[in-house]
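Asker: Here's the feature list from TrEMBL:
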type: DOMAIN; residues: A:36-555; note: domain 'Cytochrome oxidase subunit I profile'
type: TRANSMEM; residues: A:15-37; note: transmembrane segment
type: TRANSMEM; residues: A:58-78; note: transmembrane segment
type: TRANSMEM; residues: A:98-125; note: transmembrane segment
type: TRANSMEM; residues: A:137-158; note: transmembrane segment
type: TRANSMEM; residues: A:226-251; note: transmembrane segment
type: TRANSMEM; residues: A:283-301; note: transmembrane segment
type: TRANSMEM; residues: A:313-332; note: transmembrane segment
type: TRANSMEM; residues: A:344-364; note: transmembrane segment
type: TRANSMEM; residues: A:376-396; note: transmembrane segment
type: TRANSMEM; residues: A:448-471; note: transmembrane segment
type: TRANSMEM; residues: A:491-515; note: transmembrane segment
type: TRANSMEM; residues: A:588-605; note: transmembrane segment
Amino acid sequence: MDIKWDQILIIEEPIMFWTFIGLIVSSIGLVAGLTYFKKWGWLWREWLTSTDAKKVGIMYIVLAIVMLVRGGIDALMMKYQTAVPENTFLSSQHFNEVFSAHGTIMIFFMAMPILFGIMNLVVPLQIGARDVAFPKLNLLGFWITTAAAVLYNIAFLVGGSPDAGWTSYFPLAGKEFTPGIGNNYYYVALQISGFGSMIIAINFMVTILKMRAPGMGLFKMPMFTWTTLITCLIMIIAFPIFTIALLAGMLDRVFGSHFFTVADGGLDMMWANLFWLWAHPEVYIVVLPAFGIISEVVATFSKKRLYGYHSMVWAVIVISVFSLLVWVHHFYTMGVGPTVNSVFSITTLAIAVPTGIKLFNWLFTMRKGRIAFEQPMLWALGFIPTFLIGGVTGVMLGMASADFQYHNTLFLVAHFHYTLVGGVVYAVFAAIYYWWPKFFGFKLNHKLGNWHFWLFNVGFNLSFFPLFFLGLDGAARRMYTYSAETGFGPLYMLSFIGTLLIAAGVVFFVINMVYSSLKEKRITDRDVWGTGRTLEWLVPTPVPAYNFAVIPKVEALDEVWHRKETGKALAFDEKEIKDIHMPSHSGLPFYMFVAFFISGFLFVWEFQALAIASLALPFLGMAINSFTSYDEGYYIPAKEVIETERKGGGEQQWKAK
Amino acid sequence: MESKITNYSVPTEYQSELGKMNILGFWIFIAAEIILFATLFALYGVYHDRIGDGPAGPEVFVIKDVVIQTVLLLTSSFTCGYVITSMRRGNVKGAIVWIAITLLFGLGFLVMEINEFIHYVNAGLAIQTSAFGSSLLTLLGTHGAHVTFGLFWGIILAIQLAQRGITAFTASKVHIWSIYWHFLDVVWIFVFTFVYLGGLM
């Protein structure tokens, strides 16, 4: 080990120092608040150990929003640093750490958890199930992801943040060029978060394949459920590759092996290949559920059936296949030669076809529809042009010969922010506004929502559109500063102003959540928006723990809409209600959180023997689980279910609008 | 879940809904494991002749020992099959005894593999030696770690069988473990073919 013990806590710089103080003060405040209001027991019983998929989903979303703020502050710091030439706000080292953290956190601890959260909330409802296939495993997935997030997020104070970019290319990321332990956080934390993703993938695949309501064939599933299924499939194929890549990277750094080193036969470009073999599918892992969300929102608020449902499904499947065949386009400049580049260029451009089909289908869904400009629809409408810009510039980047011009410039940065923010984040906001009332029993405020949308939308375009031009002018990504002669200054400044608007938009979003939970009108309508199409609008609002009092029999795609149109009764006979079986709470996933955190921490700090020994901790948890898995769960009595159903708008008359 | 087996038209392990879902979930997990090992094989395929200053494969491989290892593991897969047949006949004792025999073969394999690693290190091939050493030992080590996990898992399940007998739920657990055990055997066949036999050619 080459650790300098006096450098464990990194608080010399004022930014670090004040962040450290801020963290300590807010943690003390949180603990004091929970103690003062005697909420510890409630927190533990109702949330931290809850195997209810809805609560797990909400916890995922809370984690993701906290991470969004952290990653967002990183973004603001970067943009402030580059707003003017020769700025000295951040040192080059600090800048490296900040952009690495921004990328890693936004992908692993913001985008993925927030989508996992939405899946947890929505998928069981959409397929007419009471729960996910493996409720305890589901909670474990959340806690493992959280362990990884906490581990990664303490890095900047304890030992140093990873500084080789979110791609962490070797040999830069190796020990020769990045000594110290900071970069270990990347390999260990992401390895742990990968386990969490794998759990989600298996759980939701089984849930969707096995637990659909009777009558719901695969081609009667809502689009969001379809995209979740395909996303899980890609995760199962892609994540193990990353697991091995991270393992090899960790072995290289901590145990001195030679996978990606320059010496002794290692190949640094092997990392790039393995990384992108996973990371390109990863882009689709986050964007496919977003497509699903947009499909639901556009159909609901256009009051029309989704145009070309079958072509939508096949487009998603085709995208998932192609997603695994394009990874080399991330390093055309590696020098594999024109033949290989051409092949990957063609597969890359081919992805534009199914994606284009999806865009046109959304447009055709809206055509002649009676569009309601509710909040979710605003985000969906914002999504289409922004994502289109991302897609079209993607085609530009996909052309291998042209890519030599764009490679590693801000043009690329602008492109992937247009797909990931314009695609994923817009869709996530649409999803939050869309499904929020279903779970909390009130809508988010319309006016504040408008502020959120317009500030974010204008800010986003102001922030990233200039980057296209900067990139074409030759501004490289990840540059911590530039000279005034380059002439980059004004556009960089514009971009910074845009970032401020984005931040203001997010502030309005947070204010909206707080304001609406205090002030907004409570609603108990099952079909919150009046034009709901899928099964989640059949259950009471807010959704009871058991989801469906009686499992519905499905006859059509868009079952609720179908029932409203055919005048079929949406309510059920109360005599059909029986006692409902529910899974027990479990503290074991929380133990696994602690176990993974400790073990991960020891690996990061290169206590080799101790780290390997500490792997016994999670395995012990698994053994305990095996012995205690005979728990029978509990039952909600039929009487209680009937009461809840009556209270939750059960007698409401349903009519097609 | 503890209900007695009454329906003999379906194998024991498929009789509960939970058991069925667990088994499907585990097959999906196996799919992920296949990709995991495929990646390790790919790494080995690229690195097998990138030996740096260290020894090459044929210089250090002891084929006789590897053949014994292979026989041990293949036999354990065979006896693992008997675990399932005893279980389906409702024979708890038989199932536990066959699990014990399977685990003994597995343990034998593991002891020989550890020996093999010690031999490699003595012969000057460690994960720090070369890309070849890193990829070889990571591939073998990952497989060996899986076998070790399977050993503990088998012990835990044997205890549960003794405690609770054969129910739809315990049967699905044992069935899942047997899928895992057979899978490790299949991986080993690839290791034997590509690493050892391929190395000798």
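Backbone N, Cα and C atoms are what each Cβ position is placed from, and that goes for glycine too.
Fair warning: this is a prediction, and the values are worked out from it, not measured in the lab.
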Asker: At a C-beta cut-off of under 8 Å, are there same-chain residues at least 6 beyond the transmembrane segment (A:137-158) that contact it? List them, or none.
Answerer: 8-11, 16, 19-20, 23, 49-51, 53, 56, 59-60, 63, 67, 70, 97, 101, 104-105, 108-109, 112-113, 116, 120, 182, 185-186, 188-193, 195-197, 199-200, 202-203, 586, 588-590, 592-594, 596-597, 600-601, 604
Asker: For the transmembrane segment (A:313-332), give me same-chain residues lying six or more residues beyond its boundaries with a C-beta closer than 8 angstroms to one of its C-beta atoms, as numbers and ranges.
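Answerer: Distal contacts: 219, 223, 226-227, 230, 233-234, 237-238, 269, 272-273, 276-277, 279-281, 283-284, 288, 291, 340-341, 344-345, 347-348, 350-351, 353-355, 357-358, 361, 397-398, 400, 403-404, 407.
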Asker: Taking 3+ C-beta pairs under 8 angstroms (sequence gap of 6 or more) as contact, is the transmembrane segment (A:283-301) in contact with the transmembrane segment (A:376-396)?
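Answerer: Yes, the stretches contact each other.
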Asker: What else in the chain is close to the transmembrane segment (A:226-251), if you only count residues 6 or more beyond its ends and a Cβ gap under 8 Å?
Answerer: 115, 119, 123, 168, 170, 173, 184, 186-188, 190-191, 194, 197-198, 200-202, 204-205, 208-209, 257, 259-260, 271, 274-275, 277-279, 281-282, 284-285, 288-289, 291-292, 295, 312-313, 316-317, 320, 323-324, 603
Asker: Go through the chain and flag residues at least 6 beyond the ends of the transmembrane segment (A:491-515) whose CB is under 8 A from any CB in it; none is fine as an answer.
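Answerer: Distant Cβ neighbours of the transmembrane segment (A:491-515) are 65, 68-69, 72, 75-76, 79-80, 82-84, 429, 444-445, 448-449, 451-464, 466-467, 469-470, 475, 482.
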